[in-house]
Amino acid sequence: TKSLSITPVEQPMVEKAQGDKVTLPCTFVLSEEDEGPLDIEWVLIPADNQKKEQIIILYAVDRIYNHYYSAMAGRLQFANPDPRSGDGSLDILNLRATDTGTYQCKVKKAPGVQSQKIQLTVLVKPARTKCSIEGSQEIGKDVTLKCASQEGSPLLSYNWRRVSGRQELPATSMLNKNTGELILKNASQDYSGTYSCIASNRVGTDECSVELNVTPPINTAGIIVGAIIGTLLGLSVLAFLVFCCCKKHREKKYEKEVHHDIREDVPPPKSRSSTARSYIGSNRSSLGSMSPSNMEGYTKAPYSQVPSEDFERPPGQNATFAPSKVAAPNLSRMGAVPVMIPAQSKDGSIV
C-alpha cells in the first residue's frame, strides 16, 4: 500500500555561521490512501539520550504553533506559509551557537508517518584578531610575529603574508598555522615591512596587520651610563630638597622657642605716670594727716626722686602749675601746723 514519503536530503549535516539564516529541508509527497489530518512536527533531539525530545514548531489542523521552545522564540518559521503544498521545511533566523543540535522533521497523515533527521552545526566566525611582535627588532635577532583571534569556533587556521615590498615571506621564516606564530630567524633590515595575518575557519575569516622595523643594535653602554648619571642627579636634587626642608624646619622651631621663652615670675614694668601719681598722692596724704606732735620727726623726701610727668604733658603746654582755685584752709584755726608745699618755677627749680 502506498503512503506519504519524504524526499531524502542531499546533506544531512549542515554548517552555518552564527548570525546567519539556515533552511532545514523537509519536503514530502502525500498518497491517496492517506485520509487523516496533516500534521508536521519539528523536534530538537538532545545530545543526552536520557532527555526527552523538545518540540519547537508544529503544524496541525491548518494552524501553526511556534511557542513551544522559548530559546528560539521569534526565530522559527515554516519556509512555505502553506505546508499542505508538500513543503514543511524550517527556517531558523539569526543563528546562535546554542542552536547546534540534531533536528527531526515528522510528517503524519493517517495512516502514513515519515521522519527525517538533519545535523546542524552553528560555527562562530573568527573575530577580534590581534597581531603583535615579540622579541627585539634588531639586526641579527630572532623576531616572532604573533596572531590570535578572541572569538571563533575551532578549528582555526592562521596564515601570514607580506603586503609591502617583497610579497613572499623571508626564506628563514617558520610558520605555525595552528598557533599563528611566524618566527623570523636572524632578522635583517630587508625584513622590515607590513605583515598581515588571516585567521579562518569553515564559516569565515578575519584579518589583522603589524609593522616590522628592523634596526641596528642599540648602544646599551651609553644608555646605562646615561641612566646612572640621571639617577645620581636625581638623588642629588632629592638630598638638597631634604636639606632645605630640615633647615627651614629648625629655623621655625628656634623662632617658636624664643618667642615663647618668657619668665612667668617677673611682673611687667610699671608705667612712669602711674608711679609718679602714686608717689605724690602718698606724700600728700601723709602730709595732710600729720599732726603738730609728729611734724618734728618728719623728714622731707628729696624732690629729685619724684618721677617726672613731663612725658604726659601735650606739646605746647607750659611746665608751670596753674593756681589753685580752692582756698587753702586756715591751719591755725584747725590746730595744725602749717606745712610748706614746694612749688616749681618756670625754669624748673624748686621754690
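Each Cβ is built from the backbone N, Cα and C atoms, and glycine gets one as well.
TrEMBL does not curate its annotations; it predicts them automatically.
Here TrEMBL flags 271-296 as compositional bias 'Polar residues'. Sequence annotations record features per position, and here TrEMBL assigns domain 'Ig-like' to 8-121, 126-215. For 259-323, the entry in TrEMBL reads region 'Disordered'. Summarising the annotation, TrEMBL assigns transmembrane segment to 223-246.
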Local confidence of the domain 'Ig-like' (8-121) - pLDDT mean: 91
Residues of the domain 'Ig-like' (8-121) by DSSP state, where helix covers H, G and I: 9 helix, 55 strand, 50 coil
Per-state residue totals over the domain 'Ig-like' (126-215) - DSSP helix, strand, coil: 3 helix, 51 strand, 36 coil
